[in-house]
Amino acid sequence: MIRAAALALLLALAPASIHAQGVRAQGAAAPAAAWAALPGPLAGPPRIVGHTGLGCIAGAVSLPADGPGWQAVRLSRNRTWGHPALVAALRDLAALARAQGLPTLWIGDLGQPRGGPMPYGHASHQAGLDADIWLDLSPKPALSPAAREAIEVPSLVLPDESGVDPARWTPRHGALIRIAAELPEVDRIFVNHAIKRELCRTEAGAAWLHRVRPWRGHDSHMHVRLRCPPGQAECKDQAPVPPGDGCDASLDWWLSAEARHPPPRPPGPPPRLPAACQAILEAR
Ligand SMILES: [Zn+2]
């Protein structure tokens, strides 16, 4: 029993190449490590299969490491990939932020070269439609790739999550979230529920608040998610955001014990990716 557990642990820690050899045998249940080991995208027109929580993408493009108003960070992860519409939206976000006098943005993970599940860090980001933007508005020098691996952004939220930290939160953070929420391609933005609560306090009734959704974590970054771009017949959108600005009693749930200590995921095999993702994974 102990030996079996030790073997399982060894396999879990094994380099991605070991997992990759087992890809074909495991069909569409190929482990996340096989997706993470792919060095580059599958060339061709963009094609999203599935959804952001269980999907993949062909024809992904990479956000350049540097551009007007942004620096991509943690480049060693090779998670700068997404649908061209995502990269275009991030370019727009950085340009609009710059035009409002906001500093260079640090852009974190988009997705893997062909999307798919990740061995660590995110449950979504699988279909080339998600990106994390750090909520850091300090002026930024041009950092070397090595320095970008170790960036630290403090939380904007109080430890008990009852509100934003008044020593750190500023209306400019809200302005950045608003720019992202008003991008026409955006489906929703995830921020910590305390940030949503603060925006409700200061911006109640604003139409863009509709797209700003409360979640756990996300206290030092926001998560930007696009709708399926036009022409992506195999791409599945999430259920629409409920109508209204979301500034209601539903926000209080996030302070409950149930919300703060969610039960672990039920046991069982991970959900299977759409079958078409297997060909995208294996194509050379
Ligand atoms: Zn994210």
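Cβ atoms here come from the backbone N, Cα and C positions, even for glycine.
Proximity of CYS56 (disulfide bond) to non-local residues of its own chain (separation of 6 or more, Cβ distance below 8 Å) is seen for TRP35, ILE48, VAL49, GLY50, ARG114, GLY115, GLY116, GLN126, ALA127, LEU273, PRO274, ALA276, CYS277, ILE280, LEU281, given in sequence order. According to DSSP, CYS56 (disulfide bond) sits within a strand segment. The disulfide bond annotation in TrEMBL covers CYS56-CYS277 (among others).
Taken from TrEMBL, the feature disulfide bond applies to CYS200-CYS247 (among others). Look at CYS247 (disulfide bond): DSSP puts it in coil.
Per TrEMBL, the feature disulfide bond maps to CYS228-CYS235 (among others). In this structure, CYS235 (disulfide bond) is part of a beta strand by DSSP.
TrEMBL lists 1-20 with the feature signal peptide.
Secondary structure at CYS200 (disulfide bond), as computed by DSSP, is helix.
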